[in-house]
């Protein structure tokens with residue numbers, strides 16, 4: 001009973017913390033876009049990533065939290081289909097958006113003589129076609145869940161349920177071999193692009209580090225460009241993504257082969273599915289100093305109101 005209460009409290013607390021963190025990041029970059037001075041494509045990608053994380057936390061985290069507190073059957077058939085479908089779409093969007101973020105950041109910091117520099121998006125709206133494509137792609141890949149999800153338990157041998165009493169009909173072999181390869185191909189392509197762009201950024205940052213050491217030995221002053229500091233933040237974000245993604249895969253593989261259901265392993269796996277959505281905004285907040293900027297803005301607003 002005590003362990004169940006701890007689990008309920010932990011999931012609720014982490015879901016709320018992750019949601020507030022993503023809201024903070026999205027609001028900060030949204031106002032930067034509205035300023036009109038620096039409408040960077042990276043800002044729009046980060047807003048979309050934060051929105052995707054919020055969607056994951058609200059569909060999976062909230063559903064798990066409410067079910068853990070004992071409120072079952074709170075979703076009807078349409079609710080189950082909508083929530084599970086949006087959850088799957090959001091997980092796909094997270095992979096695609098993280099990959100796009102890495103590739104665009106690698107292009108931004110590439111040398112001017114490089115051919116990649118020509119692909120650099122100059123305006124934020126240049127990113128919109130890619131984000132629209134991601135929504136269409138992941139919406140089509142996940143469309144089979146609309147048919148296979150229900151809130152009614154019809155046949156225990158053909159359905160698999162979760163804590164919120166949404167049941168999943170096991171797909172036929174034909175449906176399975178249509179959608180499963182598409183999901184694997186999507187993950188392989190976007191993670192391959194993410195890995196290549198990350199490796200390229202590591203190479204450029206290493207060259208930059210060697211250049212800084214040379215200038216320091218020459219007793220010359222040098223300030224790191226903001227693009228390179230942003231690249232370090234993106235690399236840290238990608239390390240966070242890779243850790244949670246592949247750890248989640250390992251636990252999923254272990255649980256699928258296990259004949260017994262280990263409650264501890266299941267709880268860890270449930271947390272890992274939310275880990276990236278929870279911690280990624282705080283990586284950005286820490287590296288980019290978003291809280292410091294927001295605190296200074298808040299103090300300026302308060303002082304302006306007090307002067308009036």
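Note: Cβ is positioned from N, Cα and C throughout, glycine not excepted.
Per-residue pLDDT, averaged across the domain 'G-protein coupled receptors family 1 profile' (21-284), gives 79. Residues or ranges marked as domain 'G-protein coupled receptors family 1 profile' by TrEMBL: 21-284.
Per TrEMBL, transmembrane segment is recorded for 12-31 (among others).
The transmembrane segment annotation in TrEMBL covers 43-62 (among others).
Per TrEMBL, the feature transmembrane segment maps to 92-111 (among others).
Among the features that TrEMBL reports, transmembrane segment is placed at 123-146 (among others). Within the same chain, residues 33, 39-41, 43-45, 48, 81, 84-85, 88-89, 92-93, 96-97, 100, 104, 168, 171, 175, 178-179, 182-183, 186 sit at least 6 positions outside the transmembrane segment (123-146) and bring their C-beta atoms closer than 8 Å to a C-beta of that stretch.
The transmembrane segment annotation in TrEMBL covers 188-206 (among others).
For 227-246 (among others), the entry in TrEMBL reads transmembrane segment.
The feature transmembrane segment is assigned by TrEMBL to 266-285 (among others). Within the same chain, residues 7, 11, 14-15, 17-18, 21-22, 24-25, 46, 49-50, 52-54, 56-57, 60-61, 64, 91, 94, 233, 236-237, 240-241, 243-245, 247-248, 251-252, 255, 291 sit at least 6 positions outside the transmembrane segment (266-285) and bring their C-beta atoms closer than 8 Å to a C-beta of that stretch.
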